[in-house]
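Undergrad: Have a look at this one before I ask anything.
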Amino acid sequence: MIKRSDEVATALAEGRPVVALESTIISHGLPRPRNLKVAMELEEVVRAAGAVPATIAVLDGIPRAGLDKDELERVASESGLRKLGFRDLAPAAALGVSGATTVSATSFLAARAGIRVFATGGLGGVHRGWTSVQDESADLDTLSRTRITVVCAGVKSILDVPATLQRLETRQVAVVGYRTSEFPGFYLSTSGEPVDWRIESAAEAAGIMRAQDRLGGPETALIVANPVPTSEQLDPELHDRVLAEALAAADAEGVTGQAITPFLLDYLVRGTGGASLEANLAAVRGNVALAAEIATAWTDR
Ligand code: PSU
Ligand code: MN
């Protein structure tokens with residue numbers, strides 16, 4: 001059901017490190033044409049660290065792990081490409097539809113393909129205003145029942161971060177800070193929220209993954225929260241100001257559901273003169289590099 005590229009299948013069979021990469025960030029999270037360059041660059045970061053990249057997407061109804069250049073190009077530029085969460089996978093497969101996969105769909109497909117480590121930008125979570133409009137990303141549900149390690153720069157700062165952390169606690173998803181005791185703030189190095197566990201190395205992350213497997217119990221994820229370096233973060237004051245504008249604009253325009261995340265991210269890019277894009281990319285690059293290290297520590301057994 002999942003088509004792995006030859007390179008990914010061989011690496012997994014030989015026990016070599018593989019890193020899953022998400023495609024919604026490429027199709028819906030980043031402006032064109034820069035997004036294709038970024039997609040290729042992220043794969044290069046994985047390779048430079050000695051691991052094999054497996055970008056995940058659904059093309060003509062077929063879920064794929066590991067895309068060639070033409071396939072990556074389709075994800076970056078095909079118009080009308082859908083955004084697929086886990087629940088959209090069966091309809092897309094049955095109806096032969098193409099789409100980019102979110103964290104929930106990517107985590108599921110990666111785990112099914114035998115890939116344990118996955119890198120992205122920021123997770124989805126509980127949206128602000130959830131007391132009146134119920135919007136909680138399906139990312140959280142999938143992570144509560146999928147054995148995957150997700151390296152991210154926290155959750156997107158457009159969300160209600162404390163509420164999201166609370167939900168992760170309720171759903172039993174382990175969260176560790178990589179060289180930090182504070183939960184990162186996606187575009188910002190910190191969200192100001194504490195994180196209960198701190199690790200200093202990729203080897204420690206791999207150790208936690210092994211302990212998860214030995215302990216058994218529900219097949220939950222491990223979130224490794226890796227902050228963007230302070231030198232590359234978005235100016236916090238600019239961030240707060242433009243985010244407030246973005247939230248007000250989404251409200252005024254009645255944007256909801258799947259469209260809200262891309263809308264806010266795009267508003268931030270324009271409202272910060274591209275600075276949020278640079279911070280986003282710095283965060284993703286760092287996450288991809290760390291994921292490759294963790295995948296390597298995981299296979300060094
Ligand atoms: N992080 C980014 N850019 C993105 C996303 C995350 O830096 O585009 C995407 C991910 O695919 C994530 C999704 O799973 O946004 C969450 O969307 P929603 O809130 O609709 O579940
Ligand atoms: Mn949503």
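Every residue, even glycine, has its Cβ placed from backbone N, Cα and C.
Since the structure is predicted, the reported quantities are computational estimates derived from the model, not experimental observations.
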Undergrad: Out of V52, V58, V103, V161, which does TrEMBL tie to the same substrate site as K83, S137, A138, D139?
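TA: For substrate, TrEMBL names K83, S137, A138, D139; of V52, V58, V103, V161, the listed one is V103.
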Undergrad: In whole Å, how far is E22 (active site, proton donor) from K83 (substrate binding site) when you measure between their Cα atoms?
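TA: On Cα coordinates alone, these residues lie 11 Å apart.
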Undergrad: Would you mind checking how many other C-beta atoms are within 10 angstroms of the C-beta on D135 (Mn(2+) binding site)?
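TA: Neighbour count, Cβ to Cβ under the 10 Å cut-off: 18.
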Undergrad: Within the set E22, V103, S137, A138, D139, K156, which recorded positions show a CB-to-ligand 2 distance under 6 A?
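TA: Listed by sequence, the hits are S137.
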Undergrad: Of E22, D135, K156, which is closest to V103 (substrate binding site) if I measure between C-alpha atoms? They're all recorded positions.
TA: E22
Undergrad: Can you list which of these binding-site residues (K83, D135, S137, D139) have a Cβ closer than 6 Å to ligand 1?
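TA: Passing the 6 Å Cβ check against ligand 1: S137, D139.
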Undergrad: Are there any residues at least 6 positions away along the chain from D139 (substrate binding site) with a Cβ closer than 8 Å to its Cβ? List them or say none.
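TA: In sequence order, G85, T102, V103, S104, S107, L123, G124, G125 meet the Cβ cut-off.
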Undergrad: Taking just the CA atoms, what is the gap between S137 (substrate binding site) and K156 (active site, nucleophile) in Å?
TA: 11
